[in-house]
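Asker: Have a look at this one.
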């Protein structure tokens, strides 16, 4: 207990010494702060005394330790408060700062700093002029007097970039026409790199609007094909980069954009087939998935323009499905793709309603292969000073005025045409009321626009059909006018003639139409006669296809055999082209029917009036020509009756002579001379007939044939004189 009391005394002594030293070292200001302390701070001595008393009264050691720790914490708080007050006193007050020497230079330095800040170009900051308020930007442009200076060009470049980005991000189906007009107000020739980058970034960010961006590119491409070509080049490069890096998302977005550009006729379908072939050459799960997504978007377009190409692609997909080397999920996707094709891509139309905004005559299709080296022209994305800035701006203003005035004039002309039509109708009604006997004026469209459109529709229907029954069904559903029946038949024949080799598809299609309606049969009959009359205008390949198609129609009895009435076999009435046509025609008939059936059909008594020109019997010379022609083409069996007729011709003439002389009265000497001359001519013709017959049938030498002909001539003359 005594030791503890001694310890407390020594600690109290030490505390008094430190306190006295602190008071000696502290300044009067510090002492003043000590006096101004709060009652809580002034109670420190009271707390120390109470501790001392507690210790003297015999409190435990633990209580004393807790009290000491509390005292230390309070002491530290008081010291922190004192240090804070010292710093606040030592810092110069606002009133005293101008009086100090260091503050004399601050009024001079402050304006220079502000001046430097004002001179700094906001376009050259770290953000690159990310945002400048439009009012401030216009004010900055107005302050620049030299329009061709670097600062003005940079500001106009930034304004162009922001305008293009804003317009591209706002486009949709409902406002695309307005956005196009606003976009053409900007110099997109100068900013074609910015436009291409904005379109590609917007499409990759929101692929669901790809069809809208494709329609936008199609409209711009119709006016500025170089911009459409630049966008397509960058798309191809993006696809190739994604394919090399196995970046499925990049390949999906790029291929989807390419598919819609093909639908809009900006890109050629060959690019689509090349991309699909590349994706399916070494199939993986990702490549097949990209190919199926690509095929869904442009499958209907490929079916219309390249049915053979899409058939090959689907055949490749079928082989991949049968190999079963890919994931089950991808196999299911292939099966779904076949179901989509079977439904006719009804959920994936070529162009959505409201986006078919470019006329076919204004479309410009780019033929860019997949594997060529392309320059993305990334330098167009950054600012570059143009020495001829003002001249180029004026040129674009002229182009813009021409383009926008065309659109305005078209709309004005449409409105004007509508109003003028209304006025004309009113005038006609008034004239009809005033003059009952007035004649109506009919306007005929001789530009054949409707005809060209009709033929295009027929061609697309034929090329997109798998078999002739499907094609006939499509064509019958079109419900065209009866006046266009012959044009439909002509189109079928023209499509057949354009093929490299004859395809039975067209013969079956024409036969189906002939069986359906009599009008189609009559149309094909008239077309056969027209084709035979103008057969010399066709090339050999087209001539062969036409002949084989008509032979198919005759073999199937789709056309009556009476059409052969227009064929007249003689040296004067045939040409080399017509002889080739008849040769191919009858050889094809013989291949279809066989020689006996063909011969029996040509001997049909009901059809003999129609075969008089084909198997002539009127003149021995024409008969001989027909015999020689059919024999040379390997169908000599068709000429048996002609040969018999040619042999019996002299006997018939001799038998008819006495009857004719009995009926005729006696003539004068002049008539006898003329008759003798005619007899001599007949005898000469008979002799020539017998000689030609002997040359065609027999294979004797020339000397023996000449002797036989001379003897036959003498015998015929003797018989005639005896009669």
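Note: Cβ is positioned from N, Cα and C throughout, glycine not excepted.
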Asker: Among 323-362, 363-402, 403-442, 443-482, where does TrEMBL put the label region 'Disordered'?
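Answerer: Region 'Disordered', as annotated by TrEMBL, spans 403-442.
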Asker: Averaged over the domain 'MI' (453-569), what pLDDT does the prediction give?
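Answerer: Here the mean pLDDT over the domain 'MI' (453-569) amounts to 90.
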Asker: Using DSSP, tally how many residues of the domain 'MI' (453-569) sit in helix, strand and coil.
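Answerer: So the counts come to 92 helix, 0 strand, 25 coil.
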